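Peer 1: Supplied in structure tokens, the structure appears directly below.
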Amino acid sequence: MSTSNDPVVSSHDPIKQEKEQETDLEAQVEHKKRNERGNAFVGFLILIFVYYLLRGGSNDNDKQEMSHSPGSCMDSESAAVSTSAKCYIPPVLTPAKEPKLGDDVSGIDYIRSPEFFNDSLVRFQELLRIPTVCYDDMGDVGDDDRFDIFAVFQDKVRELYPNIFKKLKVEYVNTYGLLITLEGSNKDLKPLVLMGHQDVVPVNQASLDRWYFPPFSATYHNGHVYSRGAADDKNSVVAILEALEILAISDYKPEQTVIASFGFDEEVSGYRGALPLAHKLYERYGKDGVALILDEGGFTINLFGTLFATVCVAEKGYMDVHLKLKTPGGHASIPPPHTNIGLMSKLVTQIEEPFGGELTFENPFYTTLQCFAENSADMDDNLRQLIKSGDTEKMTDLFSKSRLYRYFFETSIAVDVINGGVKVNALPEETTLAVNHRVDASKGLKQVYDRYGGLLEEFGHEYHVNVTLFNGETVVEYEDAIGHIFASTAKTLEPSPVSPYDESSDAYKKLAGAIRYTFGDGTSVTPALMPANTDTRHYWNLTSNIYRWTPVSTNSTSKNSFNGHTINENMRYDAHMDSIEFFYNFILVSDSGEEA
């Protein structure tokens, strides 16, 4: 694990120069911090969810819902340890060989040097300052000039990492997809693929006055680098580049091929970036032709007195449902019992009825809880007892009382967009509705299709409205109908396969072994479920070993932790250094790891 050494102080020290400029900002920044509530970070980060819920950081409703003791859900005599899900923690793995930069400087020593600490910061900042923003309405590459900024980004990558471009194979896929290959000597070994994405989400212009520093300034302040993209996902992209550059400088010749695959539109589902990259790899290596894929995902956090690294081994499914209701217009002085908007509002209240869910042994979240209970130093005894009992019915009842927990085993419902009406005093003729669902991994998209099929048919009969479902079939049809509702979908994705995380998986052993080597042998590597989706959705045919984990540690009690996708996004710089060290270690361990 990298040391948190302060930057070297010299006449040319960029951090010192920035710190001097920041001194006058200290008071106002701290004032802003005291007057702003930090977000819980990205909703899909399981450990932060767990910490806030069980440590009292969730909202008041959640605290009230969970205030009763978990012990009240069960008799103490019934607490038998479940054998349905084991918390397997692989051994620490160390590299059998390590490259040298010169006669007596190892790669890891160089990464931990003050010189590298300073120089790497400058490179990180330079790439963060390029606003590689991806918007929901992006057109195709070549037709939409908003993609041109990625050429600027890649020119800077070429300038900052010259040895990668001199010694490794670099390819551009669909213009801006970046594929870097460090060829291995043993062609019988399947390659290791490290993923990241170059794009970032837009900055809400109305929020600029709430940023401590301009969102693309990449300002270093109090050990943090503030910038859009610092946490999602340029931290990983830059860390992988740093690791590969060091290996290129050292002329490292691995047995296993190592590939970096960087998309450029992950924030809008990756169809122009990750999908063509995945196709290229499939053409080259074939079905199941890759050993392991690692992309962004869970974090490492100190929870219940233990350091947990939550490696997401699966993702929930995804569906956007679009509904369009058409009715006759007219003068508002003679309205029907329900206007178009009124009818759609009736439907919304029905749509928002929860799906309900059930925590099953097969759900990775069940194993997450088992690992917490088995390895945490100071978890509440009643909660530990409940989890280890394996009583999924009582666990479901308890955890479903909080919105922070329930969506790890239940399909979510978010009515996000509604539009209707054009003028006061004119009856609306059309209302549209968009609903987002993250689909329960145990149910699949069929659950959502079936739910809407029944719900819309019942709605149509109740309000005398014709109904056409997703497949174009009209299931309710009246000659004198007062309207017609149409259902369609835009983006859909079945829940991902579950990647292996037991003793039989060499891939999981290597990943977990490298994590524990980097972050310490006291780290509990824990499988988890990803409620959100990543670019890995396009890579399923390449391997069954797909893992989602971001190699940084975070302190969830800090209001200043990362803030991905929102104001004051930042990365603790020592956490970024840990990322570099991890990717460097992981490449070596995957190639030649041995038990410590």
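First residue shown is number 1, and so on along the chain.
Using N, Cα and C of the backbone, Cβ positions are placed for all residues, glycine too.
Just so it is clear, the model here is predicted, and its values are computed rather than measured.
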Peer 1: May I ask you to find which of His197, His279, His322, His331 Swiss-Prot records for the Zn(2+) 2 site already listed with Asp232, Asp295?
Peer 2: His197
Peer 1: Please pick, from His565, His576, the residue that Swiss-Prot records in the Zn(2+) 1 site together with Asp232, Glu267.
Peer 2: His565
Peer 1: Out of Asn118, Asn466, Asn541, point to the one nearest Glu267 (Zn(2+) 1 binding site) in space (Cα versus Cα); all of them are glycosylation sites in the record.
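Peer 2: Sorting the glycosylation sites by distance from Glu267 (Zn(2+) 1 binding site), the top entry is Asn541.
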Peer 1: I'm checking region-level scores; what's the whole-number mean pLDDT for the topological domain 'Cytoplasmic' (1-37)?
Peer 2: 41
Peer 1: When the Cα of Asp295 (Zn(2+) 2 binding site) is compared with the Cα of each of the recorded positions Asn118, Glu266, Asn466, which one is closest?
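Peer 2: Comparing Cα positions, the closest of these recorded positions turns out to be Glu266.
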Peer 1: Have a look at the recorded positions Asn118, Asp232, Glu266, His565 and say which one has the shortest Cα distance to Asn466 (N-linked glycosylation site).
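Peer 2: Closest by Cα distance to Asn466 (N-linked glycosylation site) among the recorded positions Asn118, Asp232, Glu266, His565: Glu266.
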Peer 1: Can you grab the distance from His565 (Zn(2+) 1 binding site) over to Glu266 (active site, proton acceptor)? Cα atoms, rounded to a whole Å.
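Peer 2: With the alpha carbons as reference points, the distance is 13 Å.
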Peer 1: Taking only the Cα atoms, work out how far Asp232 (Zn(2+) 2 binding site) lies from Asn541 (N-linked glycosylation site), in Å, as a whole number.
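Peer 2: Pair distance, Cα basis, whole Å: 25 Å.
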Peer 1: I want to verify one value. Collapsing DSSP to three states, which class is His565 (Zn(2+) 1 binding site)?
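Peer 2: Note: His565 (Zn(2+) 1 binding site) is coil by DSSP, not helix or strand.
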Peer 1: According to DSSP, does His197 (Zn(2+) 2 binding site) sit in a helix, a strand, or coil?
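Peer 2: Note: His197 (Zn(2+) 2 binding site) is in a strand by DSSP.
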